[in-house]
Every structure is written in C-alpha cells, then in structure tokens.
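**Q** Below is one structure. I have some questions about it.
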Amino acid sequence: MSLASLSAEDAGDTPAASSRAGHAGAGDRRRRARLVLLALAGLLVVVALASLSIGAVGVTLGDYLHARLFGGEIPLRDRLVIEVIRLPRMVLGMLVGAGLAVAGAVMQGLFRNPLADPGLIGVSAGSSLGVAAFIVLGSTVLSPVSALLGFHAVPLAAFAGGLAATFCLYRLGQSQGQTSIATLLLAGIALSAIVFACVGVLIFMADDQQIRDLNFWQLGSLAGATWEKTLAAAPLILASLAGARLMAGGLNALFLGEAAAGHMGLDVERLKTAAIFCVAGAVGASVAVAGGIGFVGIVVPHLLRLLMGPDHRYLLPGCALLGASLLLVADTVARVLVAPAELPIGIVMALVGGPFFLWILLRRKGLIAGV
Amino acid sequence: MFHFRSDEKAATASAWTGDRNGLAVRGLGVTLGTRRILHDISLSARVGELTAIIGPNGSGKSTLLKAVTGEHAHDGEALLASVRVSPDNRRRLALMRGVLAQHTSVAFSLTVEEVVRLGVSVRGAHGPDAAMSVAEALEAVDLSGFAGRDYLKLSGGEQQRVQLARVLCQVGAPVGPQGPRWIFLDEPVSSLDIKHQLWVMRFVRDFAKRGGGVVAVMHDLNLTAMFADQVVALRQGRVHAAGTPQEVLTRALMSELYDCDVPVGEAPRDGSPFVLPHGARVSPGT
C-alpha cells in the first residue's frame, strides 16, 4: 500500500509550484524527461519498422502493409518472411531489450549503485543454469516438468535460477543497509564460477545436438525467434515491466537509503522482495529465449540518467523504450553485417557495451573506489 | 516484552504521560547483535517542547532515536501519540513525524529540489493536509535559490540542511488535522556553521512553540541549554538524568556524565547555563 501511495503522487507538479521553486530546478528536468520519452517512443517505432524491412531477403514493407490492409497480391514467401520470421523476432527483441534494460535500472535502484548490472553480478548466470538444465535434462529427468509447463518451462526455470542468484547476491552484498559494489562483483564472480561448473557438468552429460544448442544459446541470439518463444517469454517480461513501474515511487524513496525510505512510510522489505522478483523475471525470461545478451542493463539506464535524471517514474519507461530500440538495432546490425549469415546479437552488444562500460568506469572511477 | 491490545496500549500511554499526543517510552531496550545497547529506558517528551538527548559517545543516543523512530527493533514500549512505534504502523507514523538522520547518502545525482520533493511525496502537495512546499522548506533552512543545484556537489552542511528541508516537507505544519506533528533529529547541527546552527535550532524550537514536538540528539551543550525545554542525559545505555536544562546541565552532573570536569556557568542575560571548557581537566579512561 505504501508503494502505491509513494508512486501515486506527482507532488508540486503544477506550474505554480515549479516557478516558486526557483525556475532552474527539477521542473525543467521533468519536462525534459517527458520530451525524451516522446522521442524514444518515436525512435522505437522507426527502429521497429526498419527491423521489419531490413534483412537478407528484400521485402518491401509498404507492399506488404498495403496488401494486408487493402487486399492485394503479395508473394507467399514475402508474407512468411514478415509474419513468421521478422515479426516474432521484432516483438521478442523488443521484449528482451525492454526487460533487460528495466531489470538493470531496478537493480541499480535497489542496490543504490549505478554499476549493478544483472549480467555482471551473476543474475544472468543463475538464469542460464536453469536454461542449461532444461536443454540437457528436459527430455529425461525433467520431462515431467516440461510436460506440465509446456513451452513455459524454460523461462520459468530461468526465472527460478535468476531468483536464487539475486537473493544470494542480496544477502551477500548488503550489510547494514549499504551495498558494496566490490562485494557484489566478487560474489557475482563466485556465483558465475559455480554456475559454469554446473553447466560444465551438464555439457559433460549432453549429446552433440544439445551441446550445439547450448553453445549457440549461450552466445545470445534472437535467431530462431518464433511466436511460441515470444509467447513463452512475454508474460514474465510484461509482468516484470508492469511491476517495475509500480515500484518507481518506492525506488525513488530508496535514493535516500533504506532507513530514510522506511521513515517515509515505505515498506522497504516488501519493495526489495518485489524488486528481486521483478529483476529475476525479466532477466530469466530474456536469458531463456535469447541467451546471454550483456550490457543492455547498464548502457541504457546510464544514458537515460544523463538525459533525464534518475527519477524512476521517467527512467523506467524510458529504459523500456530505449532498451527495446537498442536491441532491435543491434539485432538488425547482427543480421545484415555478415548477411546472409548472422552474428549472434550477444557479440554485437558486447562489442558495443563493453567499451561503453569502460567509458563509464573512466568517468566515474570513484564509484568503485568509494564503496 | 509487553503485548497489549491497542485500546489498552492507548490507555497505558495516557496514564503514563498524561499527554496523549506525546512520546511515551517505557522500559525500552535495544539489542544489536549480541550487544545490549539500551537498558530499561523510560522517558516522555511533550508537544510544544524541544526535548534534547545528550550523553557521551557510545551512550546510546542515536540508538535511542532509531528505536523510537522504528528503525531499530526494541523491546519495551514506545508510543507516539498513542500509536505504537512498530513496522506495522510505518505509514501512519510517516504522516505523524519526520526523521533526520546524522548522515543521509544519496545514491544518484539528484537536484536539491528532487531530494526535497521526496519529502513532499509522503503527504502529497494538495489538499487540506498538504506538505510544505519545496520552496518554503528551502527557505526555512536558508537555502532559497538552491533548488536546481546538484545535491552531490553541495558541502556537508548544505546537504544536511537539504535533508532537513526534505523532512520539513514530509512533516508539514506543526499541527495537522489529526494532531501535532513530530520531528526527530540526530545531531542536526553538528556539521553546520554557527549562523546555521542558530538558524536551524531557532526554526525547530519555533516548530515546537507552534504546537509540534521535537526530539533532538545534541552534542553541543550550549545549544542544548539555549534551546531545549527538556534534557535527557544518557550514560551507558541508561537514562542518567532528565529535567530542565537548569536541572540537568550542572557541573556535577555533566562532569559525572562525560567523565571529565565540565565547568558550567550562568549566562548573564537569562541565567541559563553555559559550558565553558577552558581549563577543564580531562583524564584518560572510559
């Protein structure tokens, strides 16, 4: 209840209040944040249309739309390329990008540290163990589970793995309300090592086809996106996005630390639990369908904080929009760079995100040294 | 540990303090880890007054403030205006009182206005029970014109005043439709220059005079003497003395409390005590 009450306000948002507060303040930043959100929405539309039109096979989107909307002839091949290959891939890419970026922002708000990225500190690793277990054991030991849950089984397994990892990290990284990013990173290294050992055991047990599946999935790719995969990931990711938006006010209160947020009436424990579920849901589902795509969760929130400030009421929707756009761009680049073959998108994101992360480190060395 | 039903709790509180609006603490203890920090603390603080908590380092002042604001779990009883201080009542308490910690770290690069506005968000900016506006609060802490500044680039004293402004926004008026409001402060002025020490102390005393309640952990004995209506002295986790500044801030009591000779004089203007530690003897030890 306190979450809602903290997020419901938009205090002093009237022009009168803003002008009384001395002009140059946060009012301008909020106005700018709204403009940035609008621009990001526009960008996403453009990028989405581009990702539908661009690809190894030349299909004119205009012809397709015209044929579908007003009736007309279009080659079956073109129709299938759009509807069966590119459209699910576009939707999946948007979901994964939005999920990863928002999960990053939520995690950074929760840990009160702009460097906390689900990929860096081992949440994705936890999820990947769940997925690997299903790839290798799905038809044998875990077959009752897959029979019960159908195509939702893999995302849910990834969710469970991510959840376990996030709870561990929270226990390890948190002491007296402060998070040490050094502890988090070290805990992430240890968790990842444990996970890779377990994945190693699974690989040892796997047959050739399973090893190929594992390997390709680990690189991170939207290739092989189907409507089934998209539907499997969508509920978890959409629920996490909605949950994150409800937490915006609470995450804002956490700017001041857990004690002060508590004094302001926030149920901090409930917020933390909700945030952890949210991160695990978005990351787990993304990892399940798209493998290890790194740096989205750190690049997108960081850029947006520079553009619109850290207010989560704007930051989280912004992350969803920009994350979706970024992933679509990266995926389109991955598809056309070496067409007709394609690069795994995880490689593209690492090539872009890695240097970006180093740039953040150069700019803000104190972030690690200070805590 | 006591478990009362809520109506019994209320009755007990009023019987204990004679003031249903006050802060009533009885038999309160706090254990952190395996260490018992506070033992059997009983005290009452009234609205209309500034209650100062003093004592040497490690005597449990901050712990006491954290216990009565619900940050630390405690045994015994703490009631604020008959509302039990516990996590279950966090929302109700948030509307009744604001808390300023000794240090508040801000995680991201926020403007001063954004920090203060977080206080507004507790109560909302509109309606009969509206929060104090950001501009008013900044004026109250002598930071008008700072709204657009980057919080992280302010000095420590300025940051502390911004946080106080945030608390003031949360608290709103000294008396609201549901009764008096409270401010709890942990060493509010220790990082401030002398002008702003006086500025802030005057503001919070005025808040009390207008019908609110103020509880402040204080290090500066002279400011305590000047502004407090009631002084509670803690030593080794227990209440050592409580009363008016005249009663508590005596040379004998202060020397005992701080384990060091503390000469206390009488201010020529109004006869209130003052501490002038020139020539005081300090011996090593506890």
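Every residue, even glycine, has its Cβ placed from backbone N, Cα and C.
Feature annotation from TrEMBL assigns region 'Disordered' to A:1-25. The transmembrane segment annotation in TrEMBL covers A:35-61, A:87-107, A:119-142, A:148-170, A:182-206, A:274-303, A:315-337, A:343-362.
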**Q** Sequence-remote contacts (6 or more beyond its ends) of the transmembrane segment (A:182-206), Cβ cut-off under 8 Å?
**A** 111, 113, 116, 120-122, 125-126, 128-129, 132-133, 135-137, 165, 168-169, 172-173, 175, 214, 368, 371
**Q** Do the transmembrane segment (A:274-303) and the transmembrane segment (A:87-107) share at least 3 Cβ pairs under 8 Å, sequence separation 6 or more?
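**A** By the criterion, they touch.
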**Q** Relative to the transmembrane segment (A:87-107), which of A:35-61, A:148-170, A:315-337, A:343-362 accounts for the most Cβ pairs at distances under 8 Å?
**A** A:315-337
**Q** Quick one: do the transmembrane segment (A:35-61) and the transmembrane segment (A:315-337) reach 3+ CB pairs under 8 Å, ignoring pairs fewer than 6 apart in sequence?
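**A** They are in contact.
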